[in-house]
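Here is what Swiss-Prot records for this protein:
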- GLY53, ASP54, VAL55, GLY56, VAL57, GLY58, LYS59, THR60: ATP binding site (BINDING)
Amino acid sequence: MNTLRPGDAMLTDWRDAAARFEREIAKAVVGQDRAIRLLTIAIFARGHVMLEGDVGVGKTTLLRAVARGLGGAYERVEGTVDMMPTDLIYHTYLGEDGRPRVEPGPVLRRAEDLSVFFFNEINRARPQVHALLLRIMAERSVSAFNREYRFPNLQVFADRNRVEREETFELPAAARDRFLMEIGMEAPRDARARRDLVFDPRFHDTDRLTEEVEAGVLDFERIGTIASAIQHAISAEPAIEAYVVGLWEALVRPGPAGIRLPGIAMDRLVQGGASPRGVAFLVRAARVRAWLEGRDWLVPEDIRAVFPEVMAHRVFLEPVYEMRRAQIVPDLIRAVFETVPAP
């Protein structure tokens, strides 16, 4: 797999490796097949991810398993109200001799080897910290100590504290748009999986659980090259292009599209969002999904499979409806699918 070969053989090798990667990750987390598939899509689409879910559903375990399967370095930081932007880059302390010392922070500690960076409870950090993180996400580089550091293989994952609202700073819409996906994680609903998580001691030791994942299933240093090859290999027929544009139009202008939701003024519902960048992200993710399914062309199901996670957080509602966002946006997306005919 690590020796790149031209054409379909190379992508077939990597698709087989991606399937093995998913199987390895599933050893560490139970009942999260959809989240694993979406994370795999994000990895090969070279996009950053916001994880949504309650405390204790396995977000950290999942990301540690992903980092091990990818190879490269894993770093995690906890968002706090007193965090400064520089805390991501370096930290200072007094040495035993009383002199100040400066050491690299979590972003620089492993530099080019950093493949997974997890920002836990990102909304506890202040906007200044968000700004630096977003720059690192966009440019995969940062300037410090009179030089520029590059992170060509970096993938940023973050999650938000959805329960406690004191001393939190919600990311503005423009910041959330930088994330390719927002992926929800819930406790498994399957009774067997629930019993295993509670009663099987194997799932109580996350360190050992993570070690069961085969290391370096994917060569993280080559994913950028493969990601580009995937985008060029997967074609979209004119009918699919028209379908994507139709979904986009109906999402941002649901009233004129004939969509109706009970008790909602559809002409006032959507304030903005769903930019061309967001729709380009949608197609990028859909192409990866098609590749994982063994096709070199897009079908409507590729678009629909990633649409909620890629587009939902990019829709900005009127303030009067924002408090009901968790209910309204899924209903809106379902109505969009029902209204826009698939080719």
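Yeah, the Cβs are placed from backbone N, Cα and C, and that goes for glycine too.
Not measured: the values here are computed from a predicted model.
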With every protein chain in view, what's the tally of Cβ atoms within 10 Å of the Cβ of VAL55 (ATP binding site), excluding that atom itself?
10
Within 10 Å of the Cβ of LYS59 (ATP binding site), how many other Cβ atoms can be counted across all chains shown?
23
Cβ-Cβ neighbours of ASP54 (ATP binding site) (radius 10 Å):
12
Determine the most Cβ-crowded residue among the binding-site residues GLY53, GLY56, GLY58, using a 10 Å radius around each Cβ and all protein chains in the structure.
GLY58
Shell list (ATP; ref centroid = CB of GLY53, ASP54, VAL55, GLY56, VAL57, GLY58, LYS59, THR60; cutoff 8 A):
ASP159, MET185
Might you list, by sequence position, any residue in that chain lying six or more from VAL57 (ATP binding site) with a Cβ less than 8 Å away from its Cβ?
MET185, GLU186, ALA187
Note down the number of other Cβ atoms within 10 Å of the Cβ of THR60 (ATP binding site), including every protein chain shown.
17
